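> Pulled from Swiss-Prot, these are the listed features:
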BINDING   THR60, ASP135, GLU196, LYS226, ASP230  substrate binding site
BINDING   197-199, ASN231, 260-265, GLU283, ASN318, 339-341, ASN387  NAD(+) binding site
Amino acid sequence: MTTEAAVLDYKVADISLAEWGRKEIEIAEKEMPGLMATRKKYEGKKPLAGARIAGSLHMTIQTAVLIETLVELGADVRWASCNIFSTQDHAAAAIAAAGVPVFAWKGETLDEYWWCTRQILEFEGGLGPNLIVDDGGDATLMIHLGYKIENDPSMLDKTPGNAEERALFAQLKEVFAEDNQRWHKVAAGMKGVSEETTTGVHRLYQMMEKGELLFPAINVNDSVTKSKFDNLYGCRESLADGIKRATDVMIAGKVAVVLGYGDVGKGCAHSMRSYGARVIVTEIDPICALQAAMEGFQVTTIEEALEEGNIYVTTTGNKDVITLEHMKKMKDEAIVCNIGHFDNEIQVDALNNFKGATRINIKPQVDKYVFEDGRCIYLLAEGRLVNLGCATGHPSFVMSNSFTNQTLAQIELWKNNYDVDVYRLPKHLDEEVARLHLGQIGVKLTTLSKEQADYIGVPVEGPYKPEHYRY
């Protein structure tokens, strides 16, 4: 499973799955025109030559195409998954067999997860990465927290708040014992991070506001060709895939409660409605609530929805959205799942520690909780990402959008010296990403005449919208 050396080559579930993984990667490549066009554009130019990239992002077949794109562009890459359940073991095996150090397998413990994250930050010769591809911000967090500990070692004496913190601090304690300036050296060599998801971007902005951000960051999530496609259309397909693979339930006729109506929530609400469910939306934001209502969804509180809901989906990026008290009041046989990045949207720890419920594992990532009155609920993927824990995540085509943005962001950070801040990719690159995907689905663009372009004040070749435009 591993090779013994100063720097580990890989750790995956089963390297013999590599051939299967390679066959699926070849299929995905045909569905990911943005990444393949980027490879062709930079063929022979190696714009990432010399870059050491640490990737913390779901180790799926689609991610394998991203990894091999970065390698073809000249980067030295090490990779781990950003979720304990999201790895596709045949994808990890194929990447390991191709010679890329990957540390990921489906069903990691928290200790294993943070060990894997540590491995991607340790390159040959004692070097750290100079670029990070992050999803949720855990690789970035490890560096920043380690840096803080080196400034204040007493942090290691504090009692961890939960199992996740305990596992993370255990790794950081080991690193500190080996080299009490390790993370200062890593941070000094960093050119930047590109962040994939809403939750990770939120972390970056928080660190920037507090003056704690150590290196530049590009917010890939808020590229239009990411948030309005991956978050919306990706979730519209992969949510139902996860629920159905986990439970085989008929969605038509059920009442689905979607908590949150941002881009992800919109995709989930439309997904459930397209299958014939009656959808109830909960929201804190009056604008999003009004949008949901104007789309014909009932908008109310979860407390009122508990009397009707059969399927619950959290999409908020917040914590304690579904509490233990909520779950105790749900209808018999209710299905509870999350599609936000972290597992704290649902109070899973409180449910597991509740003496009035018995947990019965049905199959991997499907647990039944039987309450004392005989009612039960089903929790999917232990409250983690249902589309990746119980299925295979978003389809390749929509991930090509997101990962082309990631690739362009990595080139941008490597080629330029940014000040420490959180940036977005410029509009012309957003439009380029979209343009690369049009031919695959038979789209033909209209071309402005010079007179038309002058009339509305834009270049003939774009960009066509101002930065403040909301798509």
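Keep in mind that glycine also has a Cβ here, set from the backbone N, Cα and C atoms.
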> Between the Cα atoms of ASP135 (substrate binding site) and THR197 (NAD(+) binding site), what distance do you get, rounded to the nearest Å?
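About 6 Å separates the two Cα atoms.
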> So which one is it: of the binding-site residues LYS226, HIS341, which has the fewest other Cβ atoms within 10 Å?
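Among the binding-site residues LYS226, HIS341, the lowest count of other Cβ atoms within 10 Å belongs to HIS341.
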> GLU196 (substrate binding site) to HIS341 (NAD(+) binding site): how many Å between their Cα atoms?
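Their Cα atoms are separated by 11 Å.
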> Minimum Cβ neighbour count within 10 Å among the binding-site residues ASP135, GLU196, GLU283: which residue?
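Among the binding-site residues ASP135, GLU196, GLU283, the sparsest Cβ neighbourhood within 10 Å belongs to GLU283.
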> Under 8 Å between C-beta atoms and at least six apart in sequence, can you list the same-chain neighbours of ASP230 (substrate binding site), or say none if there are none?
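Spatial neighbours, sequence-distant, of ASP230 (substrate binding site): HIS394, VAL398, MET399, ASN401, SER402.
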> Are there any residues in the same chain, six or more apart in sequence, whose C-beta is under 8 angstroms from the C-beta of THR199 (NAD(+) binding site), and if so which?
GLY136, GLY137, GLY317, GLY340, HIS341, PHE342
> Write down the Cα-Cα distance for VAL264 (NAD(+) binding site) and LYS226 (substrate binding site), rounded and given in Å.
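Cα-Cα distance, LYS226 (substrate binding site) to VAL264 (NAD(+) binding site): 11 Å.
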> Taking only the Cα atoms, work out how far GLY260 (NAD(+) binding site) lies from THR60 (substrate binding site), in Å, as a whole number.
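So the Cα of THR60 (substrate binding site) lies 26 Å away from that of GLY260 (NAD(+) binding site).
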> Out of these binding-site residues, GLY260, GLY262, which one has the fewest other C-beta atoms within 10 Å of its own C-beta?
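Selected from the binding-site residues GLY260, GLY262 on minimum Cβ neighbours within 10 Å: GLY262.
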